[in-house]
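Over in Swiss-Prot, the protein carries these features:
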- ASP309, ASP313: Mg(2+) 1 binding site (BINDING)
- ASP309, ASP313: Mg(2+) 2 binding site (BINDING)
- ASP453, GLU461: Mg(2+) 3 binding site (BINDING)
- 309-313: motif 'DDXXD motif' (MOTIF)
Amino acid sequence: MPVHATPAAESQIISKPEVVRRTANFKPSVWGDRFANYAEDIITQTQMQEQVEELKQVVRKEVFTNAADDSSHQLKLIDEIQRLGVAYHFESEIDQALERIHETYQDIHDGGDLYNVALRFRLLRRHGYNVSCDVFNKFKDTNGDYKKSLVTDLSGMLSFYEAAHLRVHGEKLLEEALVFTTTHLQSASAKSSLLKTQITEAVERPLLKTMERLGARRYMSIYQDEASYSENLLKLAKLDFNVVQCLHKKELSDILRWYKELDFARRMPFARDRIVELFFWIAGIYFEPEYVFGRHILTKLIEITTVMDDMYDAFGTFEELVILTEAIDRWDASCMDQLPDYMQPFYITLLDVIDEVEEELTKQGRSYRIHYAKEIMKNQARLYFAEAIWFHEGCTPKMDGYMRVAASSVGNTMLSVVSLVGMGDIITKFEFEWLTNEPKILRASNTIFRLMDDIAGYKFEKERGHVASSIDCYMNEYGVSEQETIDIFNKRIVDSWKDINEEFLRPTAAPVPVLNRVLNLTRVVDLLYKRGDAFTHVGKLMKDCIAAMFIDPVPL
């Protein structure tokens with residue numbers, strides 16, 4: 001007589017072990033359909049664009065013809081053009097003016113007050129001229145300290161503070177200047193001062209680390225209260241901001257339509273739903289109208305990378321991640337059948353987006369670029385998988401070994417390389433090869449991103465179960481406390497900014513627009529991770545920034 005299994009026993013025989021998945025329980029998007037439907041007002045936008053073109057001619061004459069014989073006045077106007085976000089309209093004129101000023105620098109560098117000397121130093125240094133910081137020795141007393149009389153010159157102190165941030169390694173004079181100015185500006189900001197708002201914002205985030213478009217938006221309200229402001233320049237800045245904002249709104253609406261069709265938020269609920277924040281990130285890398293194509297493809301690929309990150313970081317099992325990594329490396333739609341159901345929409349979207357990019361690049365005669373985009377995405381998966389191995393094996397690597405993987409996996413290399421895909425003829429194979437090999441400026445940016453990210457998310461990641469972070473690795477290897485580790489990391493971040501500054505000094509290893517992609521990316525990182533992880537945990541900071549960039553036009 002055969003033995004028949006009971007229903008319960010039969011169920012035990014055929015059921016598979018339940019898969020235990022880690023999830024971070026990310027909060028949903030705070031934006032809903034806020035940006036989904038944008039109605040273009042073509043007539044109004046055309047009228048604004050015509051006014052911009054007219055004002056550009058007026059400002060060009062004011063700054064580069066009428067002020068050409070007064071270098072101090074012209075430098076101030078150039079600084080205002082840059083801070084108001086319209087320097088991209090006058091790049092060649094600014095370069096020519098600064099070259100002329102640099103040629104006479106040795107003749108005039110001993111003259112001028114603190115404001116003008118610091119402004120001249122900052123603008124020349126920022127544009128690659130390796131001018132000496134010895135020019136500031138004149139502001140020291142016989143004891144080698146900065147003169148106490150400088151403290152009451154708040155505009156001069158603020159100018160000196162901004163200049164000190166362009167220091168490179170070994171510039172003790174500027175290190176002392178930064179301590180001196182920061183201390184006294186913080187004290188001044190606590191008191192009633194006409195410059196209080198400007199000082200408070202500068203101490204929180206100096207110009208070097210400020211996202212161009214956000215900085216421009218904030219500076220407009222400061223600039224219009226100055227006694228000697230240029231009405232034409234201010235009007236140009238406001239109109240230009242609104243014209244570009246309209247363009248960004250249209251782009252964001254198009255991206256959201258694509259994102260909604262993918263239905264990622266429902267099909268992959270384990271991943272962060274942050275498409276609006278990601279577009280903000282990319283607009284920080286390049287906001288200019290000429291980079292429409294670049295923003296389009298980079299936003300799509302950073303969305304795909306964010307989902308990939310959350311798969312490798314938490315939701316995917318190790319066995320699934322092995323299959324996914326192999327599939328991405330093979331880059332073949334036939335791999336779909338081997339993937340778990342939830343991974344398939346992600347994988348086909350990755351292939352489709354790269355196909356879309358390749359089609360457009362072929363039309364442009366730049367099809368060679370797709371190789372770099374594809375390879376950098378493959379490499380991103382390999383880096384994520386290396387971290388998954390650490391977690392699977394319960395491994396806490398040595399700090400150097402951790403950084404070799406994690407400094408690149410953080411995503412800066414991928415974003416920097418792919419950002420070149422959407423640029424013009426200034427980009428050749430050389431620039432792709434150069435960035436792919438992670439030169440000093442990119443290594444510095446990667447270090448800043450990785451360490452700031454790990455500091456900002458340390459407690460959250462520990463609570464949910466996560467691969468060892470740089471903080472864990474350093475504490476484990478050197479036997480120091482969490483706070484000691486963070487202090488050491490903050491010093492490394494400071495040194496990495498000096499590396500970035502050095503890379504802008506002439507002769508540069510790559511065209512300045514390429515360096516600017518990395519710098520702008522690092523500025524976004526500083527904004528989002530200085531006070532916690534504002535990208536993952538969207539709060540007032542991110543909401544206010546997105547409203548300023550994409551919702552509220554500047555009042556004219």
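Placed from the backbone N, Cα and C atoms, the Cβ positions cover glycine too.
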Distance [Cα-Cα, Å, rounded] between ASP453 (Mg(2+) 3 binding site) and ASP309 (Mg(2+) 1 binding site): 14
Counts of helix, strand and coil residues, the motif 'DDXXD motif' (309-313), according to DSSP: 5 helix, 0 strand, 0 coil
Distance [Cα-Cα, Å, rounded] between ASP313 (Mg(2+) 1 binding site) and GLU461 (Mg(2+) 3 binding site): 10
Between ASP309 (Mg(2+) 1 binding site) and GLU461 (Mg(2+) 3 binding site), the C-alpha gap once rounded to whole angstrom: 14
Cβ-Cβ neighbours of ASP309 (Mg(2+) 1 binding site) (radius 10 Å): 18
Residues near GLU461 (Mg(2+) 3 binding site) in space but at least six apart in sequence (CB under 8 A): SER469
Mean predicted confidence [pLDDT] for the motif 'DDXXD motif' (309-313): 96
Coarse DSSP state, helix versus strand versus coil, of GLU461 (Mg(2+) 3 binding site): helix
For ASP313 (Mg(2+) 1 binding site), the number of other Cβ atoms found within 10 Å of its own Cβ: 21
